[in-house]
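Here is the structure we will look at.
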């Protein structure tokens with residue numbers, strides 16, 4: 001049995017189809033190469049101990065025993081991550097039918113609350129690290145299902161997109177609860193974070209209100225978004241060369257952003273980052289996720305640095321990254 005395991009899992013972006021997916025339309029999501037790292041090892045206390053050094057918020061150390069939670073420090077949003085980690089560890093211990101002290105230490109490149117799936121990534125990386133520590137053989141699909149279960153326990157509702165993308169990696173086409181893996185395309189992207197986040201629940205409710213008040217206007221927008229996702233899928237699986245794929249996907253990104261703007265989920269800051277990216281040479285740029293803040297992303301072959309600079313000048317936090325073919329990764333095992 002190993003004495004220490006280090007695992008990592010990637011963030012995700014919704015490439016196409018946010019909001020319309022709520023109405024039964026498809027969406028395409030992908031893993032991106034921003035990662036959360038979880039180190040797991042045994043401890044002698046018999047408790048679960050979580051150290052969160054860097055979740056893009058100040059660190060904290062928390063110990064759980066059967067009936068008490070010990071907070072050594074307490075800083076804002078970092079605390080939100082703890083429920084995911086605790087449930088992830090407990091599910092693995094339950095699956096392995098073991099009760100032992102486990103310490104996990106978390107470091108992350110993924111900002112919390114930015115719509116990039118930070119909660120799913122930490123849950124998946126924790127399940128991967130702790131299951132390996134306990135010599136429990138789980139497939140990536142099984143880990144994705146456990147990650148989905150963690151989200152249900154913490155959030156009460158979840159489509160399962162985030163943990164599935166984080167565990168398995170690459171591109172995922174999602175429609176009404178069913179997943180389909182798409183061929184891998186290397187997309188050079190830049191993610192821009194506005195520094196604030198909107199409430200997914202409130203934004204979904206706002207779109208629902210508009211849909212109920214003006215179905216004759218909103219239904220065609222949602223219908224167009226669904227068709228756009230299927231068009232993007234066609235491009236991804238086509239035999240077109242890389243440059244042609246980029247051009248077509250970029251055009252679809254720009255249309256998708258316009259449709260999301262028409263639904264009312266973009267913000268002044270998101271649009272500023274989107275247009276700054278396009279002006280700097282991005283082929284396409286759009287918001288990703290619920291909107292109301294959070295992130296946008298730009299497709300910028302050969303122009304990632306220029307686009308990142310433009311996003312920074314426009315007041316955003318740029319992250320140069322790429323689509324991650326790999327999902328969950330075991331980085332290190334010490335016997």
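Any Cβ shown, glycine's included, is placed from N, Cα and C.
Quick look at what Swiss-Prot lists:
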type	residues	note
BINDING	111, 112, 113, 114, 115, 116, 117, 118, 119, 120, 121	ATP binding site
ACT_SITE	162	active site, proton acceptor
Fewest Cβ neighbours within 10 Å, where candidates are the recorded positions 113, 115, 117, 119, 162: 113
For residue 113 (ATP binding site): DSSP state (helix, strand, coil): coil
Chain-mates of 111, 112, 113, 114, 115, 116, 117, 118, 119, 120, 121 with C-beta within 8 Å of site centroid, ATP: 11, 110
Distant-in-sequence Cβ neighbours of residue 121 (ATP binding site), under 8 Å, six or more positions away: 9, 10, 11, 12, 35, 36, 108, 110, 162, 166
Residue 121 (ATP binding site): secondary structure state under DSSP, collapsed to three categories: helix
